[in-house]
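Student: In case it helps, Swiss-Prot gives these features for our protein:
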TOPO_DOM  1-26  topological domain 'Extracellular'
CARBOHYD  Asn4  N-linked glycosylation site
TRANSMEM  27-47  transmembrane segment
TOPO_DOM  48-61  topological domain 'Cytoplasmic'
TRANSMEM  62-84  transmembrane segment
TOPO_DOM  85-98  topological domain 'Extracellular'
DISULFID  Cys98-Cys181  disulfide bond
TRANSMEM  99-119  transmembrane segment
TOPO_DOM  120-142  topological domain 'Cytoplasmic'
TRANSMEM  143-163  transmembrane segment
TOPO_DOM  164-196  topological domain 'Extracellular'
TRANSMEM  197-217  transmembrane segment
TOPO_DOM  218-236  topological domain 'Cytoplasmic'
TRANSMEM  237-257  transmembrane segment
TOPO_DOM  258-268  topological domain 'Extracellular'
TRANSMEM  269-289  transmembrane segment
TOPO_DOM  290-314  topological domain 'Cytoplasmic'
Amino acid sequence: MDKNQTEVMREFFLSGFSQTPSIEAGLFVLFLFFYMSIWVGNVLIMVTVASDKYLNSSPMYFLLGNLSFLDLCYSTVTTPKLLADFFNHEKLISYDQCIVQLFFLHFVGAAEMFLLTVMAYDRYVAICRPLHYTTVMSRGLCCVLVAASWMGGFVHSTVQTILTVHLPFCGPNQVENTFFCDVPPVIKLACADTFVIELLMVSNSGLISTISFVVLISSYTTILVKIRSKEGRRKALSTCASHLMVVTLFFGPCIFIYARPFSTFSVDKMVSVLYNVITPMLNPLIYTLRNKEVKSAMQKLWVRNGLTWKKQET
């Protein structure tokens, strides 16, 4: 392949949800609401955990605060571009912007997978080894596990990105069935045989998501099996239910997209909305609605701030 041919394509056209202006205007309002909800919900959890002494010292809530930060970052990788594209007929993205988006999508996404696995281990220790919980899940270990999650995401994303940028792109340049740059649809546009690359990438992304999901489900199953009393099992199920809901909402779509041979389907676009937009929006609701301690801390935060504002007014 001639070098000039491989450098012809320096931009991609993303697939939108509609070409009808009135429909796109409605979708813009809907996704703007989703994105604002993501910011409000996740920032509120981070502020609540940081301002409450009990929550801030608890390993579970320390990890929850980090999960909220990852959710915020994850949605920000794709949603602002999506909102802007509702006003752009061509929905254009440069090659460099595409690679950057792809890198951070897999960086933050993989880090969140690893962190959810860490949170499952935290619940296992808390429920099955309660007497050793504070010793095992020390703040130092929590920081190491969070850092390891970020590092794991970075390594995973670096591998995916390096494999992608070494491919020649000379046309076509229409990224099918997605509103952002992701590995499966982008490498389909390469002017080369990508079979081996696809196997490597499926092994990378597919195995990470599938193995993490299996480990998570196994952890929660072990928790329920080890508890003998009905009351203890009921409490454990109540505690784990929110985690299981988050895990299913996030891992289900990811496994569907990444743990298969690289072929695109029309449903991929809607599946991508689930783990890029809907899950980060629902996570704060799932964790706060079922958690009395978080709700109580939020109420204290509102009361404290309300009293502060009243003092400032007087």
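Glycine is treated like the rest: Cβ placed from N, Cα and C.
Mind running through what each feature is packed against?
Tutor: The average pLDDT computed over the topological domain 'Extracellular' (1-26) stands at 71.
Counting residues of the topological domain 'Cytoplasmic' (48-61) by DSSP class, helix then strand then coil, yields 12 helix, 0 strand, 2 coil.
Listed in sequence order, Phe12, Cys181, Val186 are the same-chain residues at least 6 apart in sequence whose CB falls under 8 Å from the CB of Cys98 (disulfide bond).
When Cβ-Cβ distances below 8 Å are used as the criterion, the transmembrane segment (99-119) is approached by residues 60, 63-64, 66-67, 70-71, 73-74, 77-78, 81, 93, 145-146, 148-150, 152-154, 156-158, 160-161, 164-165, 180-183, 186, 205, 208-209, 212, 215-216, 243, 246-247, 250-251, 254, 275 of the same chain, each at least six residues removed from its ends.
Same-chain residues lying 6 or more positions outside the transmembrane segment (143-163) and placing a CB less than 8 Å from one of its CB atoms are 63, 66, 99, 102-115, 118, 121, 183, 197, 200-201, 204-205, 208.
Only residues 6 or more beyond the boundaries of the topological domain 'Cytoplasmic' (218-236), in the same chain, are considered here, and those with a CB under 8 A from a CB of the stretch are 120-121, 123-124, 127-128, 243-244.
Long-range contacts of the transmembrane segment (269-289) within the same chain: residues 15, 17, 31, 34-35, 37-38, 41-42, 44-45, 64, 67-68, 71-72, 74-75, 77-79, 109, 177-180, 182, 242, 245-246, 249-250, 252-254, 256-257, 295, 298, each at least 6 residues beyond the stretch ends and with a Cβ under 8 Å from a Cβ of the stretch.
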